[in-house]
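Notes for the one structure printed next.
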Amino acid sequence: MIDQSTIRKIIHVDMDAFFASVEQLDNPELRGKPVAVGGNRERGVVAAASYEARKFGVRSAMPGKIAALRCPGLIFVRPRFERYKEISGQIRQIFLDYTDLVEPLSLDEAFLDVTENKVNNPSATRIALEIRKRIKDELGLNASAGISYNKFLAKTASDINKPNGQAVILPKNAEAFLEKLPIERFYGIGKVTAEKMKELGIHNGFDLKQYSVQYLTKKFGKSGLHFYNIVRGIHLSEVKPNRIRKSLSAESTFSKDISEDEQIADALERIWEEVVRRMERSGVKGRTVTLKIKYHDFTIHTRSKTIEKFLEPARIKEIIWELWHQEPLVAAVRLLGIGISNLNLEEEDYFPGKQLWINFDGEYAEDQS
C-alpha cells in the first residue's frame with residue numbers, strides 16, 4: 001500500500017545520446033551517421049554512442065577496438081567536455097524556470113520535483129512536455145522524460161519511450177507495472193546483482209516480491225531492504241539540490257569468489273572502464289585513486305594513492321596495478337572497487353545555475369542508461 005503522504009510529482013529528464021548528439025548538432029556532417037565519443041579506436045573507450053551506432057551494438061564503456069569491429073563505419077570523435085558543460089548549464093537554466101528543486105545526476109540527466117512549481121501547472125506530464133519542447137526548440141537536442149511519484153519510478157519511466165519520448169507511472173499502476181518489469185531493468189540493479197537474482201529464481205518484480213526483507217538482506221546485505229521497498233513502489237529519497245559530488249567510483253561483486261590472476265585482471269579492467277565512463281560522462285577528473293578489496297570472509301582492505309596532477313585514464317590504470325601489487329593476495333576475492341576522489345569540481349566553474357551532482361557510486365547503483 002502506497003503512503004499518500006509520500007507522493008510527490010517527480011520528473012526525470014534524460015538527454016538522448018547527449019555527447020554524441022551535441023557533436024552531431026555542431027557538425028552537420030555527422031548527422032545520421034554512427035558516432036562514438038571517446039578515445040581513438042585502438043586504445044580508447046567509448047564514452048557515448050549515437051543511436052545510429054547503438055543499432056550495431058556499440059555502447060558506453062566499450063573498448064574502441066570492439067566498437068569498430070561491430071560498426072565498421074563508426075566515426076570516432078574526441079570529447080569536448082567544456083562544450084557539454086556549457087549546454088548542460090543551459091539545460092539546467094530551463095529546469096530552473098519551473099522549479100528550484102533540481103538534482104542533477106550528471107551532465108545529461110536530472111530529477112525535478114514539480115509538486116509545487118513556478119508556473120502553477122498542476123500537471124507534471126505537461127511540464128515535462130513543455131521542458132522537452134523548449135530543449136528541442138532552444139538547443140536543438142532531444143530529451144526523454146519519466147514522470148512518477150518518486151525518483152526511482154521517474155527514472156524507470158524515462159526509459160520506457162526513449163528516445164525522444166516520455167512516460168508516466170501513476171500510483172495506482174505502479175505495483176502492477178513493477179511486477180511485470182524484468183529484474184535487469186530495475187534502476188539500481190546492476191548486471192552482477194541481476195545474475196545473482198536469476199540464480200535464485202528472481203526474474204521480474206513479481207518474483208522479487210515473494211521474498212521477505214529478512215531473506216533479501218541475508219542474500220544482498222544492506223541493499224536487501226532497498227530491493228524489498230522498490231518492488232513495492234516505495235522510495236523515500238527526496239530531490240536534493242546543492243549536493244556536490246566528492247568522489248566517483250564503481251565496484252563489482254562476484255557471484256563466485258575469484259583468485260586467479262586472469263580473473264583479477266579481467267575484473268579490474270572492466271571496473272576501470274566503468275570508472276572512466278563515469279568520469280567522462282560527468283566531465284570530472286581526480287587526483288586520488290582508491291582500490292577496494294573485499295575478501296571471501298567479508299574483511300575489506302583499501303589502498304590509495306594521491307598525486308599532484310589530475311589523472312588521465314591511462315595513469316589511473318597504472319596506479320590501480322601499483323596498488324594491487326602492494327601486497328600479495330591473501331584470500332579469494334568477493335568484491336573489487338575503484339574510486340576516484342579529490343575531484344576537479346568548483347561550484348562556480350562546473351555548476352552554473354545551481355547545478356550539482358548526486359553521488360551514484362557502486363554496483364548497486366550501476367548506471368543503466
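Note that the numbers count up from 1, one per residue, in the order the chain is shown.
For all residues, glycine too, the Cβ spot is worked out from N, Cα and C.
TrEMBL entries are annotated by machine, without manual review.
Annotation comment: TrEMBL describes 10-190 as domain 'UmuC'.
The annotation Mg(2+) binding site is assigned in TrEMBL to Asp14, Asp108. According to DSSP, Asp108 (Mg(2+) binding site) sits in a coil region rather than a helix or strand. Counting only residues at least six positions away in the same chain, the Cβ atoms of Asp14, Met15, Phe18, Phe19, Tyr84, Ser88, Arg281 sit under 8 Å from the Cβ of Asp108 (Mg(2+) binding site).
TrEMBL lists Phe19 with the feature site 'Substrate discrimination'.
Per TrEMBL, the feature active site maps to Glu109. Neighbour count (other Cβ atoms within 10 Å of the Cβ, all protein chains): 24 for Glu109 (active site).
Within the set of recorded positions (Asp14, Phe19), the lowest number of other Cβ atoms found within 10 Å of a Cβ is recorded at Asp14. Asp14 (Mg(2+) binding site) falls within a strand when secondary structure is assigned with DSSP. In this structure, Phe19 (site 'Substrate discrimination') is part of a helix by DSSP.
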